[in-house]
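Engineer: So that we are looking at the same thing, I have put the structure below in structure tokens.
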Amino acid sequence: MLSSAKHNKINNHSAFSISSSSSSLSTSSSLGHNKSQVTMEEVWKEINLGSLHYHRQLNIGHEPMLKNQNPNNSIFQDFLNMPLNQPPPPPPPPSSSTIVTALYGSLPLPPPATVLSLNSGVGFEFLDTTENLLASNPRSFEESAKFGCLGKKRGQDSDDTRGDRRYKRMIKNRESAARSRARKQAYTNELELEIAHLQTENARLKIQQEQLKIAEATQNQVKKTLQRSSTAPF
């Protein structure tokens, strides 16, 4: 009797433990399933918000910004709508229309490029649009051409002035060299004249010295012949 009571008690305890473990497993699986559903919904929501934000950034990059528009408000709203885990999208590259407007002034944007099909022609539509833009605003093109001509004229004027300066410097160098050669030639001529004068003076002095020697010799001979032999008679 006691053994049967113990056996029933053990069976009841094992059944209770199995039921409690199964209930805990079911609750944990339901919680995990709900958690996985919530995370997938959040991920899908973040993906949708990121794609909307990216398209909005592209539209803002292609549309011209007005003067009275406040870009800080839109940036702050986009920052609030942007999910936390997604990095900010890269800025769009500059299109050909912005380059054309920067070169030729404020012009209307060209129509978007269409996809080529089998019925499309061989010509390029972008060249036609640029020609239409130039034809619609010739004033900016004339101003740009005028500025180019002014730049060329300034370059030519600078080259001409540089050539004139070089030519004047060359003439001055030649004149200074000619003056130095003339001074040197005058100095050498003066020295040659001085040498010739000194040579003639030296020759004259030599002749005068010889004449003085001859005169002194003749005077000595006369003195010897005029000597008295006796003093007075008795």
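Residue numbers in this text run from 1 along the chain shown.
Cβ coordinates come from backbone N, Cα and C, glycine included.
Swiss-Prot lists 163-213 with the feature domain 'bZIP'. Marked as phosphothreonine by Swiss-Prot: Thr231. Feature annotation from Swiss-Prot assigns region 'Basic motif' to 165-184. Residues or ranges marked as region 'Leucine-zipper' by Swiss-Prot on the basis of sequence analysis: 191-212. Per Swiss-Prot, the feature motif 'Nuclear localization signal' maps to 152-159.
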Engineer: Mean pLDDT across the region 'Leucine-zipper' (191-212), rounded to an integer, is what?
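Structural biologist: Mean per-residue confidence for the region 'Leucine-zipper' (191-212): 95 out of 100.
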Engineer: Per DSSP, how many helix, strand and coil residues does the region 'Leucine-zipper' (191-212) have?
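Structural biologist: Counts, helix then strand then coil: 22 helix, 0 strand, 0 coil.
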Engineer: Please spell out the DSSP helix, strand and coil residue counts for the region 'Basic motif' (165-184).
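Structural biologist: When I sort the residues of the region 'Basic motif' (165-184) into the three classes, I find 20 helix, 0 strand, 0 coil.
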